[in-house]
Amino acid sequence: MNGTEGPFFYIPMVNTTGIVRSPYEYPQYYLVNPAAYAALGAYMFFLILTGFPINFLTLYVTLEHKKLRTALNLILLNLAVADLFMVFGGFTTTMYTSMHGYFVLGRLGCNVEGFFATLGGEIALWSLVVLAVERWVVVCKPISNFRFTENHAIMGVAFSWIMAATCAVPPLVGWSRYIPEGMQCSCGVDYYTRAEGFNNESFVIYMFIVHFLAPLIVIFFCYGRLLCAVKEAAAAQQESETTQRAEREVTRMVIIMVIGFLTSWLPYASVAWYIFTHQGTEFGPLFMTIPAFFAKSSALYNPMIYICMNKQFRHCMITTLCCGKNPFEEEEGASTTKTEASSVSSSSVSPA
């Protein structure tokens with residue numbers, strides 16, 4: 001094994017020189033330059049500084065403006081809550097531990113940080129799945145006369161929490177475990193060892209299939225069908241400028257959504273699966289650290305993609321920030337009027 005395994009930790013370095021120490025008790029500066037820990041702390045501070053305001057603003061603006069309190073926006077609010085879970089449960093902890101160079105909060109802190117980071121990420125992921133299914137059902141109409149109501153939204157929120165819990169809770173009760181990973185300043189599921197009594201192998205396979213491949217397939221299917229529906233509508237009205245504009249908007253939105261999903265989760269899932277299937281292979285601490293924080297940074301660009309690109313929300317947000325006035329109101333109104341004139345309007349094919 002090209003690493004050192006101890007009680008509830010795995011260090012990606014062979015302890016031939018005797019310098020490897022527990023990441024709960026000693027600084028891990030022998031793994032990487034101390035400057036890397038400072039950079040990690042700075043990056044976490046940046047995510048807190050940007051992720052908290054934009055997600056809090058999402059909650060505040062939605063609660064302030066009655067016209068935003070729609071059934072679908074409950075899912076978007078759930079997404080913002082999930083991102084705030086990651087900010088407070090994961091980013092603040094990682095920033096604090098990186099300042100010390102090791103997981104100074106101990107085993108209990110590792111469980112708490114790993115749980116909240118996993119829970120927040122999974123709630124966000126399954127919220128995106130619910131959004132994709134909702135857009136597919138509403139726009140493509142596989143179920144005739146279907147109307148997305150508040151009850152459907154509540155069920156979608158409950159579904160996202162249940163699915164997130166089925167991923168975040170098991171490591172707390174003995175099916176796998178949370179251990180420090182990468183530079184040993186944040187905690188995640190144990191992909192690294194086959195520790196006796198934890199059944200890591202079965203949990204990782206379960207998590208990869210149910211909590212990565214399944215959401216990926218659903219999102220691709222739903223937005224693929226959505227794009228086809230918009231193209232068919234545009235073909236039926238080839239001379240309609242507003243329809244063609246709606247198609248371009250949806251195409252751009254779908255591309256951004258897919259890229260956002262893949263950028264967040266594909267690197268992390270791929271590296272985790274590689275480590276799991278190649279246990280004993282030599283790799284450095286940055287090998288897992290970098291993709292892990294690609295996934296965590298989704299707390300910043302999730303609301304930018306799924307909420308700030310919504311015209312109605314953007315209008316309300318500007319109104320709130322400008323003390324009740326929108327200096328761009330005439331331009332926003334004209335754009336909205338043009339889009340609503342289309343039989344395939346942006347309100348039907350955008351995330352909200």
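Using the three backbone atoms N, Cα and C, a Cβ is placed for every residue, glycine included.
So that you can see what the record holds, here are the features copied from Swiss-Prot:
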- 342-352: compositional bias 'Low complexity' (COMPBIAS)
- Cys110-Cys187: disulfide bond (DISULFID)
- Asn2: N-linked glycosylation site (CARBOHYD)
- Asn15: N-linked glycosylation site (CARBOHYD)
- Lys296: N6-(retinylidene)lysine (MOD_RES)
- 331-352: region 'Disordered' (REGION)
- 1-36: topological domain 'Extracellular' (TOPO_DOM)
- 62-73: topological domain 'Cytoplasmic' (TOPO_DOM)
- 97-110: topological domain 'Extracellular' (TOPO_DOM)
- 134-152: topological domain 'Cytoplasmic' (TOPO_DOM)
- 174-202: topological domain 'Extracellular' (TOPO_DOM)
- 225-252: topological domain 'Cytoplasmic' (TOPO_DOM)
- 275-286: topological domain 'Extracellular' (TOPO_DOM)
- 309-352: topological domain 'Cytoplasmic' (TOPO_DOM)
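The structure, with features from Swiss-Prot marked on it.
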{"residue": "Asn2", "record": "N-linked glycosylation site", "Cβ neighbours (10 Å)": "11"}
{"residue": "Asn15", "record": "N-linked glycosylation site", "Cβ neighbours (10 Å)": "13"}
{"residue": "Cys110", "record": "disulfide bond", "Cβ neighbours (10 Å)": "26"}
{"residue": "Cys187", "record": "disulfide bond", "Cβ neighbours (10 Å)": "33"}
{"residue": "Lys296", "record": "N6-(retinylidene)lysine", "Cβ neighbours (10 Å)": "25"}
Rounded to the nearest Å - Cα separation of Asn15 (N-linked glycosylation site) and Asn2 (N-linked glycosylation site): 9
Rounded mean pLDDT for the residues that make up the topological domain 'Extracellular' (97-110): 95
Number of helical, extended and coil residues in the topological domain 'Cytoplasmic' (62-73), per DSSP: 9 helix, 0 strand, 3 coil
Helix, strand and coil residues within the topological domain 'Extracellular' (97-110) as assigned by DSSP: 9 helix, 0 strand, 5 coil
Inter-residue Cα distance where the pair is the residue listed as 'N6-(retinylidene)lysine' and Cys187 (disulfide bond), in Å: 12
Rounded inter-Cα distance in Å - Asn2 (N-linked glycosylation site), Cys110 (disulfide bond): 23
Residue numbers, six or more beyond the limits of the topological domain 'Extracellular' (1-36), whose CB comes under 8 Å of its CB atoms: 100-104, 106-107, 110, 177, 179-180, 183-185, 190, 192-193, 195, 279-288
Within-chain partners of the topological domain 'Cytoplasmic' (62-73) [C-beta distance under 8 Å, separation at least 6 from its ends]: 131, 134, 148-150, 152-153, 312-313, 316, 319-320, 352
C-alpha spacing of the residue listed as 'N6-(retinylidene)lysine' relative to Cys110 (disulfide bond), in angstrom: 16
